[in-house]
Amino acid sequence: MQLNSTEISELIKQRIAQFNVVSEAHNEGTIVSVSDGIIRVHGLADVMQGEMISLPGNRYAIALNLERDSVGAVVMGPYADLAEGMKVKCTGRILEVPVGRGLLGRVVNTLGAPIDGKGALDHDGFSAVEAIAPGVIERQSVDEPVQTGYKSVDAMIPIGRGQRELIIGDRQTGKTALAIDAIINQRDSGIKCVYVAIGQKASTISNVVRKLEEHGALENTIVVVATASESAALQYLAPYAGCAMGEYFRDRGEDALIIYDDLSKQAVAYRQISLLLRRPPGREAYPGDVFYLHSRLLERASRVNADYVEAFTKGEVKGKTGSLTALPIIETQAGDVSAFVPTNVISITDGQIFLESNLFNAGIRPAVNPGISVSRVGGAAQTKIMKKLSGGIRTALAQYRELAAFSQFASDLDDATRKQLSHGQKVTELLKQKQYAPMSVAQQSLVLFAAERGYLEDVDLSKVGSFEAALLAYADREHGELLQQIDQTGAYNDEIEGKFKGILDTFKATQSW
């Protein structure tokens, strides 16, 4: 075989022309220590605060401490097989989670991966877990209500769209029950819901998901889960991931509701991470920035104006405001609301619903203490009918508590005092409500009207519950159109007042309970 030099040179030229060199510059570092989910890395000179660091085995860590000679990072997931000397790389990316309508009805972990066995997620893109809250100019005042379906909350501690209302109380006082019922009540309101479970047992979360499914509310809800068995890093980041998913709807001119259950466990997870990173401890061993931990999260819940929505959607959505309403939950120890984390969150939020174990154990459920529960901005969002009828309830309860304390020492009470005590007891009984039984605005209004106008005076205390159930069944059967009209408009006028009087007079004259 004879080789032609011309052919060889042509072949070499062709190969040289086709030769393509792709060079990638990686900022690479070396793990120098691994302990309790924290790694220290040497050599990552260009790493950003909060950047994802690529680890062997398709895992990531997040850079939290940038020091002179090393980087302290928290591992997202299992870390038992990581060892000193392993190579890691910068990614140049901040942690992002999938967002979109495809997440509704799904259960996901902190990183947005589905854990409900229903297949891959259908998402609309990714969003950074850490985002700057809307500015002052981009916001709009709260003037539309979020109905929880609880008489005691909607009447005395109303919540508006875009508000942050803290639910605070000891363990086993009905905090999660109140939040779950608020989600169930949004089935037909158009409000999308996000439930973030932090540091809870997997069995508890499974029960919550099942209840949401049973009541037809799961298809409207995203459940974000960081169980007690997961790393502190995932528990710390879960609320931010859930918030990013909720902001997707807010920024597109829709309304969303997010529940953080609960932020006490998130603060404990953050304290654990901070101590392992050797940050100096402060009060109750929490780091100095634990206030900022919660403020930067809760400030993202807001009502944004139409200009913000139009600018965000590049003109696709016009004339619509968006909102993200937050119901953070805080667990107290022995009713101590003056502890570090509870006082922080109380000062950040727009009011609090305080649930008391004494009331809960006495059978008053929801165990709301109306004396120290408050809504700072929700009053402006109340429907006209609720605002008109709820004023007397708070006053009646305040007078009842004062007289009840006084009557323990006074043996002889006059008729007016006895009447007030009896009225207060009946109002307290009337505000009791079973779990998973939220009430519409019209139903609540009719019941409050009956209490305020003295229709309970001749009803025995033990019969108040059956009186209410019979009244609502009668009104629904005979005056369904009126109730629907009130639910749609929330209006209150002389005509509606007259109709309510007619309903109650006829009911008391013709029905038994």
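Cβ coordinates are placed from backbone N, Cα and C, and glycine is handled just like the others.
Note that the structure is predicted; figures quoted are calculated from it, not measured.
Here is what Swiss-Prot records for this protein:
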BINDING   Gly169, Asp170, Arg171, Gln172, Thr173, Gly174, Lys175, Thr176  ATP binding site
SITE      Ser373  site 'Required for activity'
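Positions of the features from Swiss-Prot, shown on the structure.
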residue : record                       : Cβ contacts under 8 Å, 6 or more apart
Gly169  : ATP binding site             : Lys175, Glu331, Thr332, Gly335, Phe354, Leu355, Glu356, Ser357, Ala367
Asp170  : ATP binding site             : Glu331, Thr332, Gln333, Ala334, Gly335, Leu355, Glu356, Ser357
Arg171  : ATP binding site             : Glu331
Gln172  : ATP binding site             : Ser357, Phe360
Thr173  : ATP binding site             : Leu355, Glu356, Ser357, Phe360, Ala367
Gly174  : ATP binding site             : Leu355, Phe360, Arg365, Pro366, Ala367, Gln435
Thr176  : ATP binding site             : Val208, Asp261, Ile329
Ser373  : site 'Required for activity' : Met156, Ile157, Gly351, Gln352, Ile353, Phe354
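A strand conformation is recorded for Gly169 (ATP binding site) in the three-state DSSP classification. One way to see the shell of the ATP site is to take the Cβ centroid of Gly169, Asp170, Arg171, Gln172, Thr173, Gly174, Lys175, Thr176; the remaining same-chain residues with a Cβ within 8 Å of it are Glu331, Leu355, Ser357, Phe360, Ala367. In the three-state DSSP scheme, Ser373 (site 'Required for activity') is classed as coil. Counting Cβ atoms from all protein chains shown, Lys175 (ATP binding site) has 25 others lying within 10 Å of its own Cβ.
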